[in-house]
Amino acid sequence: DMRNGTAITEFILLGFPGIHGLQVPVFTVILFIYILTLAGNGLIIVLVWAEPRLQTPMYFFLCNLSFLEIWYTTTVIPKLLETFVVARTAICTPCCLLQSFFHFFLGTAEFFILTSMSFDRYLAICRPLRYPAIMTSSLCLQLALSSWGVGFAIVFCQTILLIQLPFCGDNVINHFYCDIGPILKAACGDTSILELLGLLATVLVIPGSLLFTVISYASILSTILKIPSAPGRQKAFSTCASHLTVVSLFYGAVVFMYLRPTAHSSFKMNNVVSVLNTILTPLLNPFIYTIRNKEVKEALRKAMAFPKTPGHAE
């Protein structure tokens, strides 16, 4: 169906059409969350680079995660906020494809960053004597660049095929961002190759990285249980508790959205889970790592301490 030969020049984002009368309070809450997300993740980056004690592999990966979260939310939230103040939220077709690319590129990179953090925690707890020799600054940089590079390559290859398709179907997207499913439904050409590549990427990236993380934490748990003293076990577990919490939130939401049977899918439920994954998790990450981490809290207290003026010198 070519819709009378008319090509799509824009998509319409519905956002959350069922919240009539609540646009202003919801807009305010999401804007506040977005500002907190930028501030919290930005603060983590500043603290790590300003405090020499935090310049370790674990915090290097945390900086990458925070930087990624800033842009991950920025690709979606500004347009989401527009859906609350504009009756007809349109996004041009190239802009929609660009948003979709960055959303999935950054999301894919996050899987690999979290997996690298799992590997770092595995070495720190299970191979403590060899940890400094293995987890060098060079290896950290290679793991980080690989995470960004592989995530970019996976999504870029699919995007190149996507932008060559003509779009002339239904241009209404029942979501608050340009999800790949509705975009493919609006395509007039053959999308079977793209759908196959998307399925392969999803199956390889999500279960693959999750399996590696599960194996890492199984080894970590086994090592921790062998520690004879309770304080020693608690100290060892505390070094990976924050990362484990973030992994549980992130993978839980993603697995629910992408790996459950299609017959049980629901646009409303997908939107709710997408809010958790796209808005709330990036907000919670800085708090999770700060609340349970003495080193970060000490660096924060040090950064917030005002220098004494000469007149108040003791």
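Heads up, the Cβ atoms here are built off N, Cα and C, so glycines get one too.
These come from TrEMBL:
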type	residues	note
DOMAIN	40-289	domain 'G-protein coupled receptors family 1 profile'
TRANSMEM	26-50	transmembrane segment
TRANSMEM	59-81	transmembrane segment
TRANSMEM	101-119	transmembrane segment
TRANSMEM	139-163	transmembrane segment
TRANSMEM	199-224	transmembrane segment
TRANSMEM	236-259	transmembrane segment
TRANSMEM	271-291	transmembrane segment
To the transmembrane segment (59-81), which of 26-50, 199-224, 236-259, 271-291 is linked by the most Cβ pairs under 8 Å?
26-50
Count the Cβ pairs between the transmembrane segment (199-224) and the transmembrane segment (26-50) that lie under 8 angstroms and are 6 or more residues apart in sequence, then report whether there are at least 3.
no
Can you name the far-off residues of the same chain, 6+ from the ends of the transmembrane segment (236-259), with a Cβ under 8 Å from a Cβ of it?
58, 65, 107, 110, 114, 117-118, 121, 124-125, 202, 206-207, 210, 213, 217, 220, 223-224, 227, 270, 273-274, 276-277, 281, 284-285, 288-289, 292-293
Would you kindly list the residues that approach the transmembrane segment (101-119) from elsewhere in its chain, counting only those six or more residues past its ends and only Cβ-Cβ distances under 8 Å?
58, 61-62, 64-65, 68-69, 71-72, 75-76, 143-144, 146-148, 150-152, 154-156, 159, 177-178, 180, 201, 205-206, 209, 212-213, 216-217, 243, 246-247, 250, 254
With a Cβ cut-off under 8 Å, give me the same-chain residues at least six positions beyond the ends of the transmembrane segment (139-163) that come close to it.
57, 60-61, 64, 94, 97, 100-101, 104-113, 115-116, 119-120, 180, 183-184, 187, 193-194, 197-198, 201, 205
Other than its close neighbours in sequence, what residues sit by the transmembrane segment (271-291), given a CB gap under 8 Å and a spacing of at least six beyond its ends?
16, 30, 33-34, 36-37, 40-41, 43-44, 62, 65-66, 69-70, 72-73, 76-77, 175-177, 242, 245-246, 249-250, 253-254, 256-257, 297, 300
What mean pLDDT score does the domain 'G-protein coupled receptors family 1 profile' (40-289) have in the model?
87
